[in-house]
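Before any comments, here is the structure.
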Amino acid sequence: MHTDVVLLSLLLWMVGVSGQKRPRGQLLQPYRHVRSKREMPPTEESGCKVGSPIFKRSPDVTKAWGTKSEHLLRLDEHDFTMRPGFGGPAVPVGVDVQVESLDAISEVDMDFTMTLYLRHYWKDERLSFRSNNNQSMTFDGRIVRKIWVPDMFFVHSKKSFTHDTTTDNVMLRVYPDGKVLYSLRVTVTAMCNMDLSHFPLDTQTCSLEIESYAYTDDDLMLYWKEGNRSLNTDERISLSQFRIQAFHTTTRLAFYSSTGWYNRLYINFTLRRHVFFFLLQTYFPATLMVMLSWVSFWIDRRAVPARVPLGITTVLTMSTIITGVNASMPRVSYIKAVDIYLWVSFVFVFLSVIEYAAVNYLSTLQERKERKLRERLPCTCGVAHPGMMSSSYSEVDANTTGNYGMREENGVKRERMLVQLAMESDQVTGHVGSTVYSSVWIDTHAIDKYSRVIFPGSYVLFNIIYWAIYSI
């Protein structure tokens with residue numbers, strides 16, 4: 001009976017325990033002890049290394065996700081409106097340039113357009129930060145507005161802009177010790193004072209000048225980071241009218257009476273103009289027009305409809321060439337090399353027209369002399385009875401019998417015109433005939449003969465002197 005009471009008490013206890021409310025998740029408690037060791041959280045008791053790369057990121061705070069750059073660089077703790085080391089020595093700022101392209105060079109506007117990568121190097125200890133592996137941080141243009149950067153500008157620039165496609169082409173790289181690299185891509189149009197006295201056989205030297213706008217040499221010292229090697233160019237740079245001979249850098253001090261001395265950096269480049277284009281478009285046409293004007297020297301002087309239009313055509317063509325060249329050039333106050341060539345050629349063409357005018361004029365004078373001679377000979381022949389005289393005139397060809405035994409006078413072969421006067425008289429003995437010869441010396445064709453030699457020879461001599469002077 002005692003045994004029955006014990007079993008009944010045990011049964012009632014078990015029923016009471018099963019009716020109580022179990023805490024949430026209590027049934028999962030037995031399974032916690034059978035989880036694999038790999039799934040256990042890393043603790044010192046489990047024996048796992050705290051610095052294992054499996055469980056924890058790199059301790060370098062510069063690469064830690066969620067760290068704000070403003071907090072890392074402590075931008076709120078410093079006044080970046082002041083230059084680094086304000087009140088102390090000048091901040092050295094190194095510069096190097098990568099020239100991407102020379103886009104245009106204009107003689108009319110006296111300027112050039114260049115696209116380049118401009119990089120600045122300086123040290124600002126206010127931007128230093130802690131880094132275990134000495135890795136730098138790179139930012140875009142948004143952080144640049146919050147820190148101090150050199151206030152560079154292009155001297156004598158007409159317009160310039162920083163590229164912003166697809167975002168601002170600006171890069172800032174900060175190193176743990178406070179060194180800064182600031183790079184931007186810029187296109188600038190700057191003035192270039194060109195000397196066109198040798199155009200188009202000229203060589204031009206243009207400069208792009210970089211300077212700080214606000215900081216004098218007491219506050220900021222600009223210098224080329226690696227000397228002449230700080231300037232790099234793209235090998236694919238080419239221009240239609242120029243050949244790039246050299247790029248080099250220089251550094252000078254610029255003085256302003258109101259503000260003081262400033263460091264100024266120069267990017268100098270020398271350009272040699274391609275002359276072949278102008279040979280085809282200007283020099284060859286002008287030379288051909290001059291040679292065409294010489295054709296009139298071989299045309300008969302009596303062919304007025306042939307010689308006059310030829311001379312006028314060449315003159316008008318030369319005027320058109322000169323006008324076309326000057327239309328594309330600036331109105332400078334000095335004479336260019338191409339002007340000398342074109343105007344000398346124009347003078348040669350114009351003189352060929354004047355030459356025919358002289359020939360025609362002298363021919364007219366000769367004809368008048370012949371008419372007066374015909375009118376005067378019957379009265380001066382010494383005949384007693386002029387009315388009984390009959391005269392006839394014949395012009396002997398100068399290339400046949402008219403030049404027999406002739407000698408040169410002053411180096412000129414003259415033509416001779418023989419006037420034969422046949423006089424008949426029947427006063428005394430019946431039919432008496434006598435012939436009187438009179439020769440008149442003329443040089444109507446001498447001008448054409450001289451011009452065939454003088455004009456080409458003079459023009460060839462002019463070309464030799466011209467190209468010897470301007471092609472050096």
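Just so it is clear, glycine is given a Cβ too, placed from its N, Cα and C backbone atoms.
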Listed range which TrEMBL flags as transmembrane segment, given the options 101-119, 139-157, 177-195, 310-328: 310-328
The domain 'Neurotransmitter-gated ion-channel transmembrane' (282-399), counted residue by residue under DSSP: helix, strand, coil: 88 helix, 0 strand, 30 coil
Within the predicted model, mean pLDDT of the domain 'Neurotransmitter-gated ion-channel ligand-binding' (75-274): 90
